[in-house]
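Comments concern the structure below.
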Amino acid sequence: MGITRLEGIFLWHLVCVFAISANAVDINLLNIWPMPKSVSYGHGNLHLSNEFELRTDGSKFADASSILKDAFKRSLDLLRSTHELEFHASKIDPSLLLKGIHVVVSSPSDELQHGTDESYELHIPAKGNPLYARIEAKTVYGALHGLEVHQVPWTIVDQPRFSYRGLLIDTSRHYLPVPVIKKVIDSMAYAKLNVLHWHIVDTQSFPLELPSYPKLWDGAYSVPERYTFADGEEIVRQVNRTLLSYAKRRGINVLAEIDVPGHAESWGVGYPALWPSKDCKQPLDVSNEFTFKLIDGILSDFNKIFKYKFVHLGGDEVNTSCWETTPHVQKWLQKNCMNGSEAYEYFVLRAQKIALSHGYDIINWEETFNSFGKKLSPKTVVHNWLGSGVAQNAVKAGLRCIVSNQDKWYLDHLDAFWQGVYSNEPLTNITDPKEQALVLGGEVCAWAEHIDASNIEQTIWPRAAAAAERLWTPYDKLAKDPEKIKSRLSYFRCLLNQRGVAAAPLDGYGREAPIEPDDANEINIWPMPVSVSFGSGNLHLSNNFELITEGSKFADASGILKEAFSRTIDIVRSSHVVELDTSKIKPSLVLKGIHVVISSPSDELQYGIDESYKLNIPAQGNPIYARIEAKTVYGALHGLQTFSQICSYSLSSRGILVHQVPWTIADQPRFSYRGLLIDTARHYQPLRVIKKIIDAMAYTKLNVLHWHIVDTQSFPLEIPSYPKLWDGSFTISERYTVADAAEIKRGINVLAEIDVPGHAESCLSFTHNSITISGCWILTPHVKSWLQKQGMGDSDAYQYFVLRVQKLALSHGYEVINWLAGGVAEKIVKAGLRCIVSNQDKWYLDHDIRWQDFYSNEPLENITNHQLHSRVLGGEVCMWGELIDAADIEQMVWPRAAAAAERMWTSYDKLAKDPSDVRSRLSHFRCLLNQRGVAAGPLEGLGNTRPFGPGSCYTK
């Protein structure tokens, strides 16, 4: 069946956690989440081979679609992402090397459906020649759970308690970009949740394309906030024999919901006949046959994408007074001898019959059962959300049930603490085993009135993980007191952070607006270039869009330009599935590629390098190529970022459009130093999170990451000269190796800081582009004695320390940066020194400061002598980490840091005097960051603010 090899890996995503026996000792000390059914362990350790391999001989699963191979690779990539690996297998005893994993799946099928067997057994021996771990599973989806190594040998036998373990996301109240949905799916797989309940449409918006009724998505908030049919296919279903959907590859079923007859006002934007009247827009018109014809068409289209056994038809919160007061509906009711509640019953049962005709079993919210439960189809699953006792009554009536009681499992209820989420038992008061079998499982719900792409992750996690263990782990293995598993859940939350998931802290409330769409400015580029001209034409990006570098003096031996080009195209194409049929496009309307010409052969990255560029995109040519000219490769990277903002997805062509050609842009930064400080001493930031911040910095043309690595609280960095320094880290898992530090680059200078003599309780040291030094003196007896001996006072000693450390830094070739009190830039430059501006009342991101103040803060304020301007190197926004960690750093930084970025990049005469003049453009850029997977918060509010209510990402 073959072998798959991956090079350079010495850790693996099997049981790469500290753990002890779940059978013999307190299972709450075992750092696996959710807790397996059965675990035993030994006391040995193994290293993973650099050629760690997947073997499948003896397996009946052919893996023609590579679902297993891809999962194996993802597992290894996740471990690789936490640190740069420097493993030398030649130094390890071969008997301590785990050569690979042998996966044996007994079913040849890759069908994913409700009730699919998800059990697995995992064995990791301590001895063998060679040594292989082994996973045995009935289906490939059980094997995926096994891929989720200390203390060998390991034996784990595992299977889920409930077959339905769901998470609801709501894309109607706030649109969620496709990359965000995919990231949610990834994180669900980590917690062994297996159903994504996609509440696609509701009163507020209808963002999904449905071919049978193409005007339905006229009810979307805006054109960018839509999902194409191909997006749905990409997320959900098998497109052909070899290409599986994103969710299916991760063992996740997708449950689609249309909530009828209420919660459907947005449907009538495209088809007004669905509304009872213009003044009474929901429930859908029960008297109009077109209503049921359209539902039939929707479910017909759903059947082409959503292959899960169930479809959710809603049926909750229906107010029938609209029917009873609308003349033509009232007449229909009288003709059919119905009142409002009877018409509600008629509508739900008729919609059920339509769904059954398409082969679906039905899920309805509990109101339908409470109102006319005996008349529901036997294939109905009752979705409990309101009251206690509903699940008990539903299963007694012979119907199946899913539990989502809002007081415990509604994640948008920020006061639903993790302890209550963990303790919520789906089988409460259900003692009959036959009735217990009718409870399919449960679901946590992230309703989106106050949730969008900026805060969905920390609203979901880690509370959803608490529910995940309740739904996976055998009842007798569950903790009776949630506090006993707090340490293990906290560990899992940190593991999610390591994997780039913004899971919030356990303690406290769940996390804390967009308003509605607006017409975009003529130019939606951020930051604004120095010089721009554009036309009114459009070009299509070729499916084979290429980079050419003829005539460039930059050889790109390190691949920096090629990689940036690849990232740019990936970003441009990430918002939707591209389906452009180039045969239907005139060649004269296709942009074939981009020609980059760089005049410097060097890739040296240093303060003061030339970052200017020119970007030209013609409207005509044969063939047509865009062109970037730059003095350095780093100017070219800025040109690619600007190019990416000119491109967007076209709903008509299903490809990428370059708008408003021809373009001529000449651009360069106003200041050479455009910084962002992050603080990894107060809270550790995983390497993946730091890299994501660097990516977002590149989008905004910030160019210095000020890495405040160490402080009083912790010293997380490895220093080979003094290896005990990082004993001052919070934990072993919260450390950076030397190789990690070397990896943190991407056209961004890294400014390292050691804050001395103060802020150093945990200890000192690190070097890179510059070193920042500061502090205050703390008197102690032996220091007093030394001061007296030297004839120094307190301030003299402070001066002595700083000047001596400066000399040390200068001896290593550095120039030195020191902190000074605010409001002194003018005095500094008059004294002949250089200055960086970070005044805390305007540019401290951890403070309650609005974006308008970030935008208006002028580094040259009160410096009227133009000869002194050059001494102001630029500015820096600061993200101090006392109350910030991986869960919320992105929405605390963005979009406010972007407001400062334009202040530092754009020429002074192009800056808006009134920040409200750029509000629409900044809002557009914030939405672009969301599209790229950056959790940039709403413009309104202060930093970590949740959306105020349903609406578009784009603001009025």
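For all residues, glycine too, the Cβ spot is worked out from N, Cα and C.
Marked as domain 'Beta-hexosaminidase eukaryotic type N-terminal' by TrEMBL: 32-148, 525-646. The feature domain 'Glycoside hydrolase family 20 catalytic' is assigned by TrEMBL to 162-474, 671-765, 824-907. Summarising the annotation, TrEMBL assigns active site, proton donor to GLU317.
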**OP:** Grab the pLDDT values for the domain 'Glycoside hydrolase family 20 catalytic' (671-765) and give me their mean, rounded.
**Re:** 87
**OP:** Examine the domain 'Beta-hexosaminidase eukaryotic type N-terminal' (32-148) against the domain 'Glycoside hydrolase family 20 catalytic' (671-765) and state whether at least 3 Cβ pairs sit under 8 A, considering only residue pairs 6 or more apart.
**Re:** yes
Subject >> DSSP helix/strand/coil residue counts for the domain 'Beta-hexosaminidase eukaryotic type N-terminal' (32-148) >> reply: 27 helix, 35 strand, 55 coil
**OP:** Might you list, by sequence position, any residue in that chain lying six or more from the residue listed as 'active site, proton donor' with a Cβ less than 8 Å away from its Cβ?
**Re:** GLY262, HIS263, GLU367
**OP:** Write out how many residues of the domain 'Glycoside hydrolase family 20 catalytic' (671-765) are helix, how many strand and how many coil, based on DSSP.
**Re:** 24 helix, 19 strand, 52 coil
**OP:** By DSSP assignment, list the helix, strand and coil residue numbers for the domain 'Beta-hexosaminidase eukaryotic type N-terminal' (525-646), in that order.
**Re:** 34 helix, 36 strand, 52 coil
